[in-house]
Amino acid sequence: MVVEVYNYKMTSKTKRRLVMKIIVVKNEVEGGQEGFKIFENAKKNGAHVFGLATGSTPITTYNDIIASDLDFSDSISINLDEYIGLSADNDQSYNYFMHEHLFNKKPFKKSYLPNGLAKDIEAEAKRYDKVIEDNPIDLQILGLGRNGHIGFNEPGTPRNIGTHRVSLTQSTIDANARFFANEDDVPKEALSMGLASIMKSKHILLEAYGAEKADAVKGMIEGPDTPDLPASILQQHANVTVILDEAAASKLTNK
Ligand code: GLP
């Protein structure tokens with residue numbers, strides 16, 4: 001059940017009037033259904049390149065995609081990020097995650113992820129930027145870090161850089177430790193698509209669930225647009241849909 005849908009109106013730095021569509025649902029299963037509808041609609045309207053994310057948040061949307069008859073065998077996927085040092089067959093790598101949660105059941109014509117084992121990380125970052133440039137993203141799905149990161153663009157990340165090497169913050173390492181046997185196993189570095197590339201996507205869908213995301217959600221939508229909260233850059237994008245459960249939406253005041 002959708003609890004509430006509203007358009008959050010904002011003025012971009014260039015004084016354009018922008019609207020962020022906010023959909024509040026009861027829980028992430030319902031959020032997944034709403035997310036699925038956006039994928040379905042994008043596909044119907046000819047979307048061909050899908051920017052994909054890992055983390056627990058998009059799983060319900062991926063489950064609904066898997067259960068549907070949507071066919072991505074003519075489509076391209078480009079993932080946001082990958083840990084440095086993990087091979088594709090390591091069950092904690094994002095490459096493995098994507099196969100487990102989507103690709104094994106819904107294969108794409110071609111799926112791109114950064115190579116976390118690349119010997120030359122700078123060259124790998126350049127290769128990935130070229131992939132994104134050659135395949136403009138029609139729909140990008142995002143989760144949200146507790147500190148407001150998107151992809152692995154941590155607070156303070158400059159907004160104009162492309163794919164880059166990231167030192168993960170302690171907050172992100174702590175949050176992601178739940179997926180590993182112990183915290184020491186969590187990689188400390190990653191390769192992430194840059195904010196500028198994310199912002200070039202034609203449509204951005206961000207999902208966030210749970211009370212631990214409420215501060216980041218508030219900052220993203222109602223706070224100042226600042227590199228300290230990377231997701232606040234979305235205030236400058238003309239086509240953003242945000243799906244929240246009630247807990248994640250609980251600190252929004254400015255409807
Ligand atoms: C990681 C990923 C992000 C994801 C975030 C939130 O840091 N790099 O893309 O959005 O975690 O994860 P979760 O959805 O599990 O809360």
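Positions of Cβ are set from backbone N, Cα and C atoms, glycine also.
The active site, proton acceptor annotation in TrEMBL covers D81 (among others). In sequence order, T54, Y94, P114, G151, F152, V166, A190, L191, S192, M193 make up the list of same-chain residues 6 or more apart from D81 (active site, proton acceptor) whose Cβ falls under 8 Å from its Cβ. Secondary structure at D81 (active site, proton acceptor), as computed by DSSP, is strand.
Here the Cβ of N147 (active site, for ring-opening step) has 19 other Cβ atoms within 10 Å, regardless of which shown protein chain they belong to. The active site, for ring-opening step annotation in TrEMBL covers N147 (among others).
Sequence annotations record features per position, and here TrEMBL assigns active site, proton acceptor to H149 (among others). Sequence-distant contacts of H149 (active site, proton acceptor), defined by Cβ-Cβ distance under 8 angstroms and a gap of at least six in the same chain, are P155, T169, T172, P230, A231.
The active site, for ring-opening step feature in TrEMBL is assigned to E154 (among others). For the recorded site, E154 (active site, for ring-opening step), the DSSP three-state label reads coil.
Mean predicted confidence for the domain 'Glucosamine/galactosamine-6-phosphate isomerase' (42-240): the pLDDT average there is 96. What TrEMBL records for 42-240 is domain 'Glucosamine/galactosamine-6-phosphate isomerase'.
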Between N147 (active site, for ring-opening step) and E154 (active site, for ring-opening step), how many Å separate their Cα atoms?
8
